[in-house]
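Features reported for this protein in TrEMBL:
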type     : residues  : note
TRANSMEM : A:17-34   : transmembrane segment
TRANSMEM : A:55-74   : transmembrane segment
TRANSMEM : A:80-97   : transmembrane segment
TRANSMEM : A:104-131 : transmembrane segment
TRANSMEM : A:176-197 : transmembrane segment
TRANSMEM : A:228-249 : transmembrane segment
TRANSMEM : A:255-276 : transmembrane segment
TRANSMEM : A:283-306 : transmembrane segment
Amino acid sequence: MTIDPPNPIRRITTSPLFWPLLGLVLLLIFNAIFTPSFFNLEIRDGHLYGSMVDVLNRGSIGIIIAIGMTLVIATGGVDLSVGSIMAISGAVAALMLTESNVSLWGVIPCALLAATIAGLLNGLLVAVVGIQPVVATLILMVCGRGIARFLTGEKVIALVDDHFSAAFDYLGNGHFLGMPFPVTIFVLLVLATLVVVRKTVLGLFIESVGSNEVASRAVGIQARTIKIGVYAFCGFCAGIAGLIDASNINAADTVNAGVFTELDAIFAVVVGGTALTGGRFTLVGSVVGALLLQTLLTTLYTFGFASDTAPVPKAIVIVGVCLLQSDAFRQKFRRRSAA
Amino acid sequence: MDETSTPTALLVMQGISKTFPGVRALSDVDFEVRSGEVHALMGENGAGKSTLIKVLTGVHRRDSGSMTLDQHDISPQAPIEAERLGISTVYQEVNLIPQLSVAENIMLGRQSTTAGWISWKAIRQRAQQAVDRVDLSVDIDCELRRCSTAVQQMVAIARAVDLDAKLLVLDEPTSSLDTKEVEELFKVLLRLRESNIGIVLVTHFLNQVYRIADRITVLRNGQRVGTYATEQLPRIELVGKMLGKAPQEVAEIESRTATVSDTTPSSEKMLEVSQLGRKGTVEPFDLDICRGEVVGLAGLLGSGRTEAVRLLFGLDRATTGKLKVDGKRIDKPTPRKAIRAGVAFCPEDRKREGVILDLSVRENIMLALQASRGLSDALSYKQQLELSQHYIDALKIKTPSTETPVGNLSGGNQQKVLLARWLAMNPKVMILDEPTRGIDVGAKAEMETLIESLRKRGMAVVLISSELEEMARTCQRVSVMRDRMKVGELANEDVTDQKMMEMIAQHHDD
């Protein structure tokens, strides 16, 4: 076996980040040509405004969910219940703010705890009981929303008038350093997660369990604990997203909160370059994937698509990015262009 | 001694080259098979055997070169296309579908249909004919996964033959078969040879090559060394060609490992097993191993030898008995507890239970050490690099870099990565289950030397090997197992392949 030096161009194109980034850049170029106003930024009352800021702001929920989802998918699983967990978290927070005198500093931990416990249950079903992840999390996906509705008495709890909490409102609608506060939340969460999984060996252990659980157990990695942990973390992330969502509209709307977020998160992770089969994962890729989806959605709205019909062109772009990522497809294309 | 193409050539591959990112796997290789011959393809790990086979069967596409079958140019783009052309392949790991029945597997992809409806009767009939043709008695409605590996292998061959194969390629067909099963397989191969099928046999077992092959092609480092008639190539020369060494050097390698060191093991017990067993898997057995001692577990496949060591490492839960490592009791062993106590385990199925194919060489090597240190006490990247580089050098692991995924390495090198992982832990007890399976002569000799050096370092080694000669050379003591029971023990000068064989066989006659 002789060894050739690695080709630098090939090294860039084989990086899992390359294709989602390329997709995002293409989309931005498209906007630059057809809606130059897309890149306009203005400062009003010390706050930054513009389409780009909107993308970051509206995309924050998707990014936060995608972070948790990435780790779950890296272990070879999937979590379909994140939307329902968002509803639960929002419901718990709204209920406590209206029915009790607990301050926001007590409300937030309680809502996040509820979400984390929900995730933990998913983890136990998957890792201990041994139910397939899709089925295990489907259970909570279906009944979680029911639990949330039960908590709110089957109605929308509005946080207005007497119940309005300026501090809770700040979570989803406030500004920090000129940027919408949800942006601060997702940036901090991404950084914290990156540090925990990449500066310790947790990330490697997750990849190891996702690639080969049996062999991981045989080197002494506690595969079960790791799996339970990632589902709990995914629940925690969904809890944060649920709080932001409830704060955005100052209400707990258990019917509409987080509907379809699980699918968007899975899209973001896969488009970002993490395989559904588990193993190697990239958190930054998932963030890029989520941003790509949000940019796309914003672009479609700019072009006058209604939210009901926007999924169609969205699906087309997603297929495009997935094809770009596929080695087999690219090779076919290359061969044809060579011929 | 090189022979050139003859008119009777069935398959001619000329000037085949294939490059993978960073690795030149084949360069300008010629290979030719005649109708009605068994042609052995031999070489060390990484010599390019598997790549050549995969180019032939359409798994990989060649970068350059030509291929003809029956004088027609071919370039199969996928295994199914190769099958249609008459090239059938049976891989080392049986690649049929375990959940389907034997009949369904044999007929997979070419179900008889009448107006779009499957005719199960026709399928069963044809499948029965196929198994009869290879003299296999098996219930064709049985789920494939319920059959033994040997039967699965034979089913794969039955399928291959039923595809009207002109050329049958067998990649390491015997590495999971016992002696009797190999005999059965060879009978079938000889009959197929008579019916003018060309057979390519990839194997590491010299004895088998000399029993059945008509000609031998040797590959080394992606190049063809030569093609020889079997009777004109003495064994020692074949080994020399595979290793790229002159015969006397080979003899040296063999003698170096053949001498069992006279340094006697100490009496300090590293492993004490009393009445350890698991219902329905292994009858309770005793086993003591001292510091600096290599103890073998001999027995046929299914004798309980692998099951026994799995209990030692906690991969399966023992239902009775006690286990002590270095004087300390391990209660309800799990791999984690066993590793903490200083036990290391290289499993038989290294791809499923050993190395993690997606992870890099560096990551695979540091994984066990890191797992025992816990999350908070992370090895720095620099420490990891030093650690892996140290073992890459010490064990001569052939890899382009520390960051190469282990899945890209050859079997022997994967085995070494696995060993490196455990050596980094400095274990007290090393369990090696078939460490030389599927690896070539040179690597086997290296492995024996390595075991000897572990022993000298004071490790207690448990060795399982299907090759009794290897055990006789390496072990001070051997426990013989049969029908899930330990049936006896041989020590010192009694450890010969003859005596082991007698003990295994004698109990078989009971």
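Backbone N, Cα and C atoms are what each Cβ position is placed from, and that goes for glycine too.
Whatever TrEMBL says is automated annotation, not expert-curated.
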Counting only pairs 6 or more apart in sequence, are there at least 3 Cβ pairs under 8 Å between the transmembrane segment (A:80-97) and the transmembrane segment (A:228-249)?
yes
Counting only CB pairs under 8 A, let me know which of A:17-34, A:55-74, A:176-197, A:228-249 has the most with the transmembrane segment (A:104-131).
A:228-249
Let me spell it out: take the transmembrane segment (A:283-306), skip the flanking residues so only those 6+ beyond its ends count, and list any with a Cβ under 8 Å from a Cβ in it.
16-17, 20-21, 23-24, 27-28, 30-31, 34-35, 38, 51, 54-56, 58-59, 62-63, 66-67, 69-70, 190, 193-194, 197, 264-265, 267-274, 313-314, 317-318, 321
Counting only pairs at least 6 apart in sequence, do the transmembrane segment (A:228-249) and the transmembrane segment (A:55-74) share 3+ Cβ pairs under 8 Å?
yes
Per the Cβ filter (under 8 Å) with a sequence gap of at least 6 from its ends, the transmembrane segment (A:17-34) is approached by 51, 271-273, 282, 284-285, 288-289, 291-292, 295-296, 299, 302-303, 317, 320-321, 324-325
